[in-house]
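Novice: Before anything else, here's the structure in question.
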């Protein structure tokens, strides 16, 4: 273009005709200048467009149905040695919740440290069975099924029942309270069993879309923020070093491979960091660093305060009705049903996240219902064995799939074996269960956040330039956290929460539902997404991508990921 400009201008200025008249000379100069500006403008515009297109090409990331940045997917298996270490890592991680829930509830029930140790062993044993059943016959996703905090409010309602509080002997009160909790769990488990095996929950899931599931899955992780840094802050001396070590090993040293070709720092951050910080905590305890600290600080930081090792039996095999025959109460059962509903919602979000981190397709409605049905069986088992709480999918173990980049089903199945094995060998299991809670809290900061980000990743299938979508996303996230915060700040076992009527079971029911960020988020997101401009917003909601995963036959990959083992699909054909 500049060559053309030079040719035109040279011709105009050298023309004898133009040079003979000053008037035409001025015109030629004007044409020369205008041509200069025009060509410079064209050149700069062309350069700008080329740079813009190059930049856009650099920053464009097309939506991907399956994550690609993982080493092992659902059906691929690491070498056996690596798989066993990864499974043990899953077992160590799930100990946090398995210890925290009984440590909170058993003393309030009147139980001793020995009772607490037995409840923890029972909870681990049933968690191993439930995890194995879920991985074999449920959703078949690499999801650990363990104890849940969602049941704390209805259990606290049962604990404070006047008929139980009148029992003066603490051990007798513990046994009667445990039997009441068992009866409530057995009855309430019917909710998930019926909704799951009748496919009702699968039918309801047809109202889900990527737009509604993104904030719900996000709230499954973000809603657990109180178990992150607030818990870590109870002992920053060991919590902060643990957090920094895990980030350093898993992210900054993930490409360092000192042994063969295995990225050990990325693959085993829990197994590497927990012993280091645990030994550091033992040294601080032995050196008397916490002698003059407050009791809460000593309870969080000291490694000799749990009393699990000394009180745990050397060998114990949990069995059904070990605490005695369950007792049944309508009020207790109705209160417990709220926690079962909450665990069903939170598990649904966790299954969606686990499927993505295992490089699998989103579980179809039939598979999701099957998983919820088996989870109901797991709650029934918890009631029969006397775990003291119900079960749900362990969110932290779902996050571990992404941190280690291993989504193998076999790893979780082996970890179920560790849960069952160490639950029967009481002393050995108690050693690992005595790890200080702030160490787990540091891990939760990373893993809960990772699950939340997986939920947010579903937004890539939606139109984020739609104001309708932005309103739904923002309102769901804000209300999910805000409503939970309101109910949580009013709740304690004596005041019974924000809802305080004469009907205790009703109070526990509503306080449990609205204390769950994911449940509040699901109610808001599904309602708005299915009532606001539904027909005009199908593409904006991401339905063209989502609809093929509604049915088992909708995508050929579903059969690879979710078919039952032992050729059981002949007897239970998918729909």
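Cβ coordinates are placed from backbone N, Cα and C, and glycine is handled just like the others.
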Novice: Looking at 7-23, 58-74, 143-159, which stretch does TrEMBL describe as transmembrane segment?
Specialist: 143-159
Novice: Have a look at 353-374, 375-396, 507-528 and point to the one annotated transmembrane segment in TrEMBL.
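Specialist: From TrEMBL, the annotated transmembrane segment range turns out to be 507-528.
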Novice: If you look at how TrEMBL annotates this chain, which of 411-433, 549-571 comes out as transmembrane segment?
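Specialist: Going through 411-433, 549-571 one by one, TrEMBL flags 411-433 as transmembrane segment.
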Novice: Assess whether the transmembrane segment (232-253) lies in contact with the transmembrane segment (507-528), where contact requires at least three Cβ pairs under 8 Å among residues 6 or more apart in sequence.
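Specialist: Contact absent: fewer than 3 Cβ pairs fall under 8 Å.
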Novice: With the transmembrane segment (119-137) as the reference, find which of 207-225, 411-433, 439-458, 507-528 contributes the most Cβ pairs under 8 Å.
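Specialist: Between the candidates 207-225, 411-433, 439-458, 507-528, the best contact partner of the transmembrane segment (119-137) is 411-433.
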Novice: Do the transmembrane segment (268-290) and the transmembrane segment (84-107) come close, with at least three CB pairs under 8 A (pairs 6 or more apart in sequence)?
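Specialist: Checked: the transmembrane segment (268-290) vs the transmembrane segment (84-107), in contact.
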Novice: Could you name the stretch, out of 143-159, 180-201, 439-458, with the greatest number of CB pairs under 8 A to the transmembrane segment (507-528)?
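Specialist: Ranking 143-159, 180-201, 439-458 by Cβ pairs under 8 Å to the transmembrane segment (507-528) puts 143-159 first.
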Novice: Same-chain Cβ contacts of the transmembrane segment (180-201) under 8 Å, 6 or more residues past its ends?
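Specialist: Same-chain contacts beyond the ends: 154-155, 158, 161, 164, 323, 326-329, 332-333, 335-337, 339-341, 343-344, 348, 365-366, 368-377, 379-380, 382-384, 386, 388-390, 575.
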